[in-house]
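Visitor: Would you mind keeping the following structure in view while I ask a few things?
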Amino acid sequence: MIPGKRRAAVMFFSVAIFGALMLQSVSSQNEPSIAASESITVSVEGDSYTLQCNLTSSHSAQQESYWMKNGEEIPETRSPNKNTEYLLKKTKGDSAGVYMCVFTFAMAPAANATIEVKAAPHITSHKRSENKNEGQLAVLYCKSVGYPYPVWTWRKLDNGIPREIDNSTGRFFISSRDNYTELHIVNLDINLDPGEYHCNATNMLGSHDEMIVLRVRSHLAPLWPLLGVLAEIIILIVIIVVYEKRKKPDDLQDDDDHAGPVKTNSTNNHKDKNLRQRNTN
Amino acid sequence: MTNNKPKVEGRSDEAEGPDGGWGWVLVGALFVSTSLVFGLMRSLGIFFVEFVQYFEESAQAISWISSTGLAAQQFFSPLGAALCNAYDARVVVMTGGVLAGLGLILASQATCLVHLYLTMGLISGLGWGLIFTPMVATVMAHFTRRRTLVLGLGFSSIGLSSFAFNPLFQLLVEMYAWRGALLILGGLSLNIVACGALIHPQRHSKAPAKVDSASRSSCASVLNRVSSYLELSLLLERPYITYTLAVTLLNVGYFVPYFHLVAHSRQAGFSEYQAAFVMSAAGVTDIFGRVVSGWFSDLRHFRLIHLLTMWTTLAGVFIMLLPVSSLSGSYTALIGISLLYGFCSGALTSLVFAVVPKIVGVERMMGGLGLLQLIESGAGLLGTPMSGLLKDITGNYIASFMVAGSFVILSTLTMATLPHYFSCTDPLPLQRRSLDDKDEGLHSELKLMNSVSSDKNHKGVNDLTDEVTKYPQDCVG
């Protein structure tokens, strides 16, 4: 090889390598770096956790920092600090979710870091019992807290054994989204549908189960008490009328006094009637 | 002689109404029927939540149902009274029971809100109107010495049944849905038919015989008969008009605490449960007040009208004190005043109807009660919206309560203008003016002859002295 060409190749390669190294360090300088705390698994309710984010390097001036939870900004967390903290006081089930610390810059797009707060699912709201008429639509729902979002399953208690819902009749529809699930049952059947239903939320940390009782009212159900009441009334009236017919011959005299208010110094004709009857009796 | 008795009742009262015996059975019937009329009306709130959900109407539109029912009950009261005068009280009450039950049963099949107005409002209201006044008048006719006590016992059923019906209706609605619950309630209301069957059938119509003797089928005589059944002649007599006016003024202010006390307590800063408890506490003392005042009035230490005035004044004062007591923020003061208010308002309820026969006499009592209910119904419709308006204007309930209390005090002052108010004995009740005064004189002479000839009937002697001396005696003691 010609000695001049070798030197040129070495020069070229060293410049290339140096240039690549420079490029890398420059480009990493363009992206700000954030040191964030690790993901937390909430195990004990009531503990306090602190989420921290430190902006270690940035090449443009920092304006503000704030926190977001599940995609929405948490109010009153805006501050101009580089090191920002968010205190989770007395963690409850709904503390779980995806938290983000966001740094805004004057001349550059915002940067963020994600911290996941995980918790086992806990079903917070569900109706304990649902009463519907037959043929109607029943909607059973369950709502939970926890992260990651659970997988929902619905089961019906059949002779004491929970079984997956049998949709051979095509009347059951399940719709689940994140922390919420609904079971729709159309055209309620009074023989097949009443019973205990269980909604189950499961994620990698645990699972939780809740029970809902479904009762189906028949159209004819109120007729029985009604017939009972009517029978009672008819019996009472019969007793009263019979009692009266029995006492009638005995009380013919007294009845004239009891019937309505006894008149005294009002119309004189009635007075005379009373007097006359007394005289004949 | 009977003139020297220190007792304050009119002597004519003693000759009427056999106390006790079958009368107590009728008190039981009054208890049951009043609870199924007014107790049921007060507990219909449970259904309104269901109606709002099912028919998707505003709460105000739904609340018109109970307003229509109450208004119909009061409007048809004179009709009920007139029918009792013309025909048999037993048949009228039984028909009323059938209508009340029918209205609720038809309401269970309603498909739109207008159906509910017509069935639960109009038909049931008509039934209730045919039940209440005749039952009250019949029971009052059967008692003299214990009249106020039995009225108090009968009306205490309203408070007791609203306690019992609220959870019962809730249970029925949950188990059978509102349609099934209304169906069952209609059946329960038919129990009033059995209550009506307990009234003895009436032998003679109360129409004065004089009216029939003249031309029968002429328009004028029919109108005369109708007006005598309705006791329209009472409207021309000053004592009755005065009393009706007083009761009307009372009604303007009387219902205001029932509607607004809970809201006022919440506004004063107390919790929901505390506010609801205030209302329940007032309800409990209301029941006590009815019975105790009935028992006390029958001890005959004071005239009924004086006792009524006292309770009314106290109730008015306590209504005015209600907002003042909660101003200081003290819960004890609010509870205390509410308890006292409940007692006084219950106490005056027993007496309001018992005074009527003192003014108009037992014979015209039925029509008198009917007309009274009709005239006082307007006040109820006026009072609550007015207090609501005052609250909207001033922002709190102080003005509403003050105005309500002042209406009640005003009714006391009106009562004080009744003739012979300040005497110790009751004046004689009003006589029905006969068409022909000459006949009156002739008949009194005939009576004189008959009573002298009969020695069995001491009533005749009393009536004789009553006819001759038409002026109340002065206090002896």
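Just so it is clear, glycine is given a Cβ too, placed from its N, Cα and C backbone atoms.
Please treat TrEMBL annotations as automatic predictions, because they have not gone through curation.
Positions annotated as transmembrane segment by TrEMBL: B:21-41, B:61-84, B:91-110, B:116-137, B:149-169, B:181-200, B:240-261, B:273-292, B:304-325, B:331-356, B:398-422. The annotation domain 'Major facilitator superfamily (MFS) profile' is assigned in TrEMBL to B:23-423.
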Visitor: How about the transmembrane segment (B:331-356) with the transmembrane segment (B:149-169) - do they touch, taking at least 3 C-beta pairs under 8 Å (6 or more apart in sequence) as contact?
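Guide: Contact confirmed: at least 3 Cβ pairs fall under 8 Å.
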Visitor: Sort out for me which stretch, of B:61-84, B:91-110, B:181-200, B:398-422, has the most Cβ pairs below 8 angstroms to the transmembrane segment (B:21-41).
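Guide: Counting Cβ pairs under 8 Å, the winner is B:181-200.
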Visitor: Restricting to the same chain and to residues at least six past its boundaries, which positions have a Cβ under 8 Å from a Cβ of the transmembrane segment (B:149-169)?
Guide: 23-24, 27, 30-32, 34-36, 38-40, 42-44, 46-47, 136, 139-140, 143, 181, 185, 283-284, 286-287, 290-295, 297-298, 346, 349-350, 353-354
Visitor: When only pairs 6 or more apart in sequence are counted, do the transmembrane segment (B:304-325) and the transmembrane segment (B:181-200) reach 3 or more Cβ pairs under 8 Å?
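Guide: By the criterion, they do not touch.
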Visitor: Any residues 6+ beyond the ends of the transmembrane segment (B:273-292) with a Cβ under 8 Å from its own?
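Guide: For the transmembrane segment (B:273-292), the sequence-distant neighbours (Cβ-Cβ under 8 Å, at least 6 residues beyond its ends) are 149, 152-153, 155-156, 159-160, 162-163, 257-258, 261-263, 265-266, 331, 334-335, 338-347, 349-350.
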Visitor: Verify whether three or more Cβ pairs under 8 angstroms connect the transmembrane segment (B:181-200) with the transmembrane segment (B:240-261), leaving out any pair fewer than 6 apart in sequence.
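Guide: They do not touch: fewer than three Cβ pairs between the two stretches lie under 8 Å.
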Visitor: List, by number or range, the same-chain residues at least 6 past the transmembrane segment (B:91-110) whose CB is under 8 A from its CB atoms?
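Guide: For the transmembrane segment (B:91-110), the sequence-distant neighbours (Cβ-Cβ under 8 Å, at least 6 residues beyond its ends) are 33, 36-37, 80, 83-84, 116, 119-120, 122-131, 134-135, 178-183, 185-197, 199.
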